[in-house]
Structure formats: structure tokens, C-alpha cells
Amino acid sequence: MSKKRLYEIAKELGKESKEVVARAKELGLDVKSHSSSVEEAVAAKIAASFKPAAAPKVEAKPAAPKVSAEKKTEKSEPAKPAVAKEEAKPAEPVAPKTEKVAAKPQSRNFKAEREARAKEQAERRKQNKGNNRDQQQNGNRQKNDGRNGGKQGQSNRDNRRFNDQAKKQQGQQKRRNERRQQEDKRSNQAAPRIDFKARAAALKAEQNAEYARSSEERFKQYQAAKEALAQANKRKEPEEIFEEAAKLAEQAQQVQAVVEVVPEKKEPAVDTRRKKQARPDKNRDDYDHEEDGPRKQQKNRSSQNQVRNQKNSNWNNNKKNKKGNNKNNRNQTPKPVTERKFHELPTEFEYTDGMTVAEIAKRIKREPAEIVKKLFMMGVMATQNQSLDGETIELLMVDYGIEAKQKVEVDNADIERFFVEDGYLNEDELVERPPVVTIMGHVDHGKTTLLDTLRNSRVATGEAGGITQHIGAYQIVENGKKITFLDTPGHAAFTSMRARGASVTDITILVVAADDGVMPQTIEAINHSKAANVPIIVAINKIDKPGANPERVIGELAEHGVMSTAWGGDSEFVEISAKFNQNIEELLETVLLVAEIQELKADPTVRAIGTVIEARLDKGKGAVATLLVQQGTLNVQDPIVVGNTFGRVRAMTNDLGRRVKVAGPSTPVSITGLNEAPMAGDHFAVYEDEKSARAAGEERAKRALMKQRQATQRVSLENLFDTLKAGELKSVNVIIKADVQGSVEALSASLQKIDVEGVKVTIVHSAVGAINESDVTLAEASNAFIVGFNVRPTPQARQQAEADDVEIRLHSIIYKVIEEMEEAMKGMLDPEFEEKVIGEAVIRETFKVSKVGTIGGFMVINGKVARDSKVRVIRDGVVIYDGELASLKHYKDDVKEVTNGREGGLMIDGYNDIKMDDVIEAYVMEEIKR
């Protein structure tokens, strides 16, 4: 069987869905909402419960015999009274509900009533057919019962089922009759419907008629007054007419003034529609006798009335009239002139550079025009939106008699201010702090051995277990005093820290082997220490060896500016043996003595500041940074800004790997809790709260990103004159590397003699040998050139120079170096060509051919070697020969070039001293486009 939803039933019956849902629940059906579906028979049952509302005039007489029949069946079947009562229950609460509804006047839905009547007739026919069918089945059952004879129990069940169906049908018919009777009562009691549209139309017609009558009366009155005035004017003289017109004008003005003063009383019913009124200033002409006259005249009058009604309309009475000569505003009293309030000038004025005239006027409560006038009298042409410098603002305040003070703006993201501010430290709270010592020197001179000896034999007393975690720095105790050693051996880390402005080292221990003497890296370490302005303690190591000569070491160091105190210098010399732990105590005592002379002090009461020694990313801990506290005390949970990152100190460990909660001045600790790993050499500072630390860290990261995007403008020979002219450079720093010591001395002396406009050349470092990575690092830190005289940079140094944007100039004639430097400083440098290295090759084998010369078998290791390129022969980093190729072959074929990874043979024009492992550098001269 098909199903129906409750809202479909409601639509068919013309009822609301909620009424149908309520009725279904009253009938005992399990429904939840209007979208619930029921069987077709149940739907018919629900529709039948609403049928009396759709059939107002149905006789209820046939219900009487069925009720009696129902009673008879109840009497004849005493075993079924409960079932009949249950079937009749749903109809009992319906009657009172329909009586309540009948009291309300409702509009009838004739379509729904017709559909309901049609369905009722169809159901009635269906029920009649069902009754006939039941009677036939009953007769068949009786025949079967007669045939079967012995099946008495089955016939009883069939009889009961038949009686139940009859009772059910009788109950339904009874309920239908009751609903029909109630609907008849409702239709008789229903009040007559009110047609609101008809009432509105009648009211409108009445208003239009009233409006037409009033308009006609006004027009007749106007015409009568006009005719009377015309008759009176005919009898009067012209002078009297003029006098009367003047009197009428005066009366009209008086009436208008009264109307303006006395507000009009609003009538209760105002018709805001456009009214057709006769114009008082023109005579109306009747053109009714003409065919087209009235229609045209009516059109013109309506257009004129539209304009007049727009002017006289009362739609927006509150809108101000823009015209000053309006009649309504003519007799109003003028507004009083507002007097300007006098504001006293402030006694003090706090200003910042770049304040505009309008801002100053607002602060001192004066008009901008007044300040512009004063500035004009002072000889300064300015507008109210123009910025003024500090001097002009101070002069302006003097003219007003106000004391001007410049506002000092504090940059919260600037960590460096904590290191330079005098008021940050409390002079009364300063205490002595341990010195920070860095050990430097040549790799093979026992520097690592000295570090191991100090670490293993001088660990802080009371600490058991030794060093369990290497964090880049450690402390030892000597004579009850602590000494902090930075585990940053070598000059590279020291220079990179100095390049970032982190001079955390107080003392440098320079380790020199007594048997080797001064080596190139020793000289570089001396230059780094002098550049950082750090005192040097020389430790002459390996004095236990047979070939040790300490006196020779002292003499060699004196040549490089490191003088012993015995010779009248300021550097302490100690002879030690790190391997046999000889004179180590004397070295530590010397360190404490130098530290005492320096008077190293710190304030442990302020918030901690310091420097990053090293940083890394740990898989389990995240960003881990080793910090050296320089001032103040660092605590766990302190909000901290480190370089361009920020965070909170989550955990803190000392050099022994043990957890600590407090770290004082000159104490190295490893911390976790940063959101990113900082750079070595960055400064750190503790802030008041996490909010300010976060703001400072984010601002520093933003500035670093902007700085990184901007191209770094380093000094070069091309922009040297502009830099000097702008006053940005007072001296030119140069690093000299040459093939022999004589060339180094000659070139240094020649460059130092150049003096242009008070600018001198400063030789930062000079040495013999190829240009290495240390030279590039030093040049990057010192913002210097590198001048190579008959030497070449190593591949690693060349890559680092390109990365750090350090300029390397290579020359073979000394006077060209001097001329180029002079022309650069005088602004006359105009290079036309630039050298470009196109490839490198290594000689694998040599072949000497009589009457031809030496042929070099080579392999290209980088770039290419071209036939028309120039070549240099480099042996051990020193240029041996510079010339051109005589021939270039690949096997037996002459070729124009040999590319990377291929082999070939070459001959150099005018040079036959080619040896194995010589480097052939191929280069071309390219024109520089300016």
C-alpha cells in the first residue's frame, strides 16, 4: 500500500500541519512531525476525523439505528465491551475541542470542503461494498461451518472477528454524524465576514468627494472675492488704489510674522496628497467652448501645481534652508558671535624631531596660522603640515616663552643599550667578577693539550664526576678565585664573534711552541687580539723539548709588536710544559694578576645581559644556546631576548651538565626554551615580562629581515671616493699577501705613504703566502681590501670572499698597486677591463720534445681552458709565470677549448719549466661597462 505524509493530508484538508499531527497523536498513532508518513487506510482515518468540518449540512438521522445496533451487539456479545470502549475513546475528546473552535469566526475553504465531500462519498461507497463483501464472506463461513460441523471453535473466532469489524464501522459512522452536527452549529454561529477592501474603497471615495467639494467651495469664494475687488477698483481713483495696495502689503507682512511666531496647530486628519488649487496671481480662462482647450489647459495647470506643491510640501520641515534670504529666516534674530576662549600657554613643552606645525599648535593650544606667521617672522617658510627640526622648535618655544625639552624615545628592541648605558649598573652594587680567558695559537703548538690539562686538573673544587657535557665554556678555581675559559680555540670563531661586536674575552693566552717559534697563524692571532683590544699573555710551550729556544720566540714576537715586560712591553711571558703540567700554576697566577690589574667588576643585582658562545638545535630539547652572563644574574623562568629570537629560560645547566637555577656574572650556562637557535656572538638581555620580550624579539627579527633584503654596500675601489667624500670612512684598511717578505715590506711602506685629503692607508695584516680563508674572515670583520702580489687565493678563500662580498685585488707590478690606490682615493679610478678566470687545470705529465719545448699533459678540474685565453702557472699558491698559450690539443687534434673533466696537451709561449702538479689558471680580460 502507498503511504502519505501528514503535511500532504493537511494540504488536502486545508488544515495546518500541526493540527493534523495533533489529531494523529489523539488517534493513538506514533508520529513525530508533519513529515511522518502513514498508510493509506490510516490517512483515510485521519481525514475522516476532520470530515464534519468539510460537510456542514449532513443529516445525523442514520446514526441512531447504528448506535442502537451497536448497543445490541454489546448486549449480544458480553465478552467484548472493553474493546468497544477502547475503539470509541479517540472520538470522545474531539467533541469538546470542536465546540471551542466553533465559537471562533473562521473563513471557509470551499475547495477543501468539496474535496472532503467527494472523499467522504467515495469512502461511503467503499464501505458499502465492504459490508456486502463481509455479508457474503459471513454466508460462506456459515456454509463452511455447516459442512465442517465439528469445528465449533473456529466458527466462534470468525464470528467475533466479524462482530469487531461491525462495531468499528458503527463507531466511525457515529463519530462522523457527531462532527456533522457540530459543523452545522458552527456554520450557524459563525459571524459574517468583513470585507476590508470594500470598506477601504468606500472610505477613499468619501475622502475624494469631500476633497472635491472643499476645492469647489474655495474656488467659488476666490472668484467672488476677485469680482468684488474688480468692481471696487473701477469706482476708485488710481491714488487710492496704490494706497490700499500698500496697506494690504503691510497687513500681509504682519500676518506672516504672526504665522512664523505662532506655530500652526495640526489638524487631526491631514490629506498629504497633491491638491489642485487655483493660482491666485493669474486669471483662470475657460476654454470649455473650444474642442481641445480644456484638455491642454488642465495639463498645464497640473504641471504648475506640481512645482508649487514641491515648494510648499511639508515632507521635511526640519531641513535647514541653505539660502540666507529666505522669507522664513528673514525675521529671525541673528546668532551671537562666539567668543574665542583664551588658553594659557604651558610652561614646558616636550618635543621630538619632525613634529609638524599642526601638532605643535594642538599641543600649545594655538591656531596653526598664528604659528605659521611667527615662523615667517623668524625667516622660516612653513605650512601647517610641514615638519620642523629641533632647532626651529626650540626657537619657536623661546618666542612663546616656553621651556622646550627634547623627548628621549627608548627603543625597546635595542639590546645594545643595556651594554652602553651608564645608568644601567648600580655603582654601589659592583663586585669583582671572574675573568674570561680565550686560548689561541697555532694548531701544533700544544693549545689543545693545555686546554685538556686545565680541564682535567683544575675542575671546580667539590664537583665530582668531572665534566659530563661539553657546552663550549668551563670554569676552574685557582687560589679560591674562578677563571672562565672559553673553549673557542682558533682565530676563526674569535674573529666571527668580533665581527658581530661581541668582545666577551678579557684576556688572551697566546700559545707558542718553543721549538717552532712564531708561525703564520700565530701572527694572525696577534692581529685578532690587538683588533679586539685584549691583553695578551704569551705561554711558551714545549720547553721540555731538546730544541726549545724561548729567547728566539721572545725576539720574534717583539718584531710583531708583542713585547715582554722584561723588555719594557706590556705582555706577560710564561714558559710552560702542558704535557708534563709544568708551570701551569704560574700561568694561572699570571691570569689572575692581569685580571686584578684590569679591575673586572659586575653588578649581580640587575637583570642579566651577556653573549651567546654557541647555539645548536637538539632533537629532544629544541634550541639550545650556551650563554656567558656578563652582568646581572640569570634565573630560571626569566623572559629573555637572544639576538633575533626570544623565549623563557625553561632549564639551565652549568659546565658540568648539572641543573642550576641561578647564574651570576662571568658564568657560562646552557639554556633551553628559545623559539629559534640564535647565532654565535649575539647579545642577550632579560626583560621585565614575557609580553615585552616577545615584542622586542619580533621587532628585532623584522629588522634583521629588512636588513638582509637590503644589499650590503661594502667599500670597494669603485665607491671608495664617494665613501670618503660622504665622511663615512676615515681610513682605508688593507690586507697584503705577497710571494716574498721583501715584496710585503715594500708594498706596505709604499701604501702607507699615500695621503689624500687627510685619509691614510692602514695595513691590518700582511704576510707571505697564498690568500686563505683566515685573510677573508679578517677582511670581512675589518671592512678591508685584500691585495695579492704574485699570489692567488685558495678555492675555499675565493668562495668565502664571494659569499662575504670581500674584494680581492691581484697584481704583479708594485707601482700599479700604488697608482690604483691613489686614483681610487682621488676619485679618478676608471678601470676599463676586468680579469675573469674561466678555468683551472692540473698538469699530470710533462713531455720534453727537442726543437719544440715542453708539452704539459693536463686535466681540466674547473671551467675550461680556451686557446685564446691567457694562462698563469701557479706552484704552491705562488704565480711562477704569466703568459699566453702557444698551442692547445686534444689528443692529436688542435682544438679551441678543452672543457671540464677532459684531458689535453698545451704549450706555453716562452716558458718550458712546467712541472707535475702545477696549476694552470686560464683567464680572459673583459671590458667593464660603466
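Here the Cβ of each residue, glycine as well, is placed from N, Cα and C on the backbone.
Bear in mind that the values here come from a model prediction, so they are computed numbers and not experimental data.
Cβ neighbours within 10 Å of Asp444 (GTP binding site), excluding its own Cβ and spanning all shown chains: 12. Here Swiss-Prot flags 441-448, 487-491, 541-544 as GTP binding site, drawing on sequence analysis.
Annotation comment: Swiss-Prot describes 50-67 (among others) as compositional bias 'Low complexity'.
The compositional bias 'Basic and acidic residues' annotation in Swiss-Prot covers 68-90 (among others).
For 110-125 (among others), the entry in Swiss-Prot reads compositional bias 'Basic and acidic residues'.
Residues or ranges marked as compositional bias 'Low complexity' by Swiss-Prot: 129-141 (among others).
The annotation compositional bias 'Basic and acidic residues' is assigned in Swiss-Prot to 157-167 (among others).
Per Swiss-Prot, compositional bias 'Basic and acidic residues' is recorded for 262-295 (among others).
According to Swiss-Prot, the compositional bias 'Low complexity' annotation covers 309-318 (among others).
Positions annotated as compositional bias 'Basic and acidic residues' by Swiss-Prot: 337-346 (among others).
Residues or ranges marked as domain 'tr-type G' in Swiss-Prot: 432-599.
Annotated region 'Disordered' per Swiss-Prot: 50-195 (among others), in sequence order.
The feature region 'Disordered' is assigned by Swiss-Prot to 260-346 (among others).
Predicted-model confidence for the region 'G1' (441-448) is 76, expressed as mean pLDDT. As annotated by Swiss-Prot, region 'G1' applies to 441-448.
If you look up Swiss-Prot, you'll see 466-470 marked as region 'G2'.
Here Swiss-Prot flags 487-490 as region 'G3', drawing on similarity to another entry.
Within the chain, the region 'G4' (541-544) has long-range Cβ neighbours (under 8 A, six or more residues past its boundaries) at 445-446, 449-450, 511-515, 550, 575-580, 582. Annotation comment: Swiss-Prot describes 541-544 as region 'G4', evidence class similarity to another entry.
Note: the region 'G4' (541-544) comprises 0 helix, 1 strand, 3 coil (DSSP; helix = H, G, I, strand = E, B). Here the region 'G1' (441-448) is broken down by DSSP into helix, strand and coil counts: 2 helix, 1 strand, 5 coil.
Other Cβ atoms within 10 Å of the Cβ of Lys447 (GTP binding site) number 24 in total over all chains. Least packed by the Cβ count within 10 Å, out of the binding-site residues Gly441, Ile543, is Ile543.
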